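Structure, as structure tokens:
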Amino acid sequence: MPRLPDPAAAAAIAATPVDAASRAEDLVREAAALDARHAGATAEELLRLALRERVAGDVALVSSFGAESAALLHLAAQIDPAVPVVFVDTGRLFPETLAYRDRLVAMLGLTDVRSVGPDDATEQRLDPIGALFARDTDACCGFRKVEPLDAALKPFRAWISGRKRYQASSRHDIPAFEATATHIKVNPLASWSMADIAHYMRAHALPAHPLVAQGYPSIGCAPCTSPVAEGEDPRAGRWRGQDKTECGIHVSPAGTITRNKA
Ligand code: SF4
């Protein structure tokens, strides 16, 4: 009688680095083909392709409910208010951000907002007094942001991000579709300017994040976000004085993070 395959061994074989690399290459090819096919599509068209036609498969929208999040959330809610929206609550966010999330969710009628974050045991083990950010921001972002987001995105093949090219020099070449090592990423607002966002928010009477008026054009965790002066990159207040410019959730297919400000 033939022996049944050992499920644990099969899983180990399925997860070999060779398979992971080949999957990443497939995703890169798929993202490039989608990007070429839909060059020139508007933000709304890209969202329809992702949410209605599922061109990249099951998809979630990832939002920080930050300074410019309302525009993308509003666009998506017009197409599908039941879109899964993943919000990473690191436990170190400004209270204004949590209140803004609740306000937008109610206003836009979003029905599937998933607030995820580090579990208590992990937080107690890695950052019991909440000061890890002061000595190792990568480790802090790792367990507070990257790992909870990775877990939340596991059921999905693709995710929608609100990144724009104008936001920082490290973002100047964002395409509409790109690949990570594990997902297709859709960037409907990549070509939008700060003026486009402001115009859209005015046209749809969307409320601003309360900290924008206090000089925060980009809003992350309270300990790592400072106000920005006139003429600075909108993200200049994030991890100010450090080499770090991204939290680690935006990675290349090889798993590398863009860190340069030049
Ligand atoms: S932004 Fe700062 S506080 Fe937030 S997770 Fe990263 S290092 Fe920690």
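Every residue gets a Cβ built from N, Cα and C, even glycine.
Automatic prediction, not curation, is the source of TrEMBL annotations.
Residues or ranges marked as domain 'Phosphoadenosine phosphosulphate reductase' in TrEMBL: 59-227. Residues annotated as [4Fe-4S] cluster binding site in TrEMBL: CYS140, CYS141, CYS221, CYS224. The active site, nucleophile feature in TrEMBL is assigned to CYS247.
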Among CYS140, CYS141, CYS221, CYS224, which are recorded as binding-site residues, the nearest neighbour of the residue listed as 'active site, nucleophile' by Cα:
CYS141
Other same-chain residues whose Cβ falls within 8 Å of the Cβ centroid of CYS140, CYS141, CYS221, CYS224, the recorded [4Fe-4S] cluster site, in sequence order:
THR90, ARG92, PHE133, THR137, ARG144, LYS145, GLY220, PRO223, TRP239, CYS247
Tell me, if you would, which residue among CYS140, CYS141, CYS224 (binding-site residues) has the fewest other CB atoms within 10 Å in the structure shown?
CYS224
Should CYS224 ([4Fe-4S] cluster binding site) be counted as helix, strand, or coil on the basis of DSSP?
helix
Which of CYS221, CYS247 has the fewest nearby Cβ atoms, counting only those within 10 Å, among these recorded positions?
CYS221
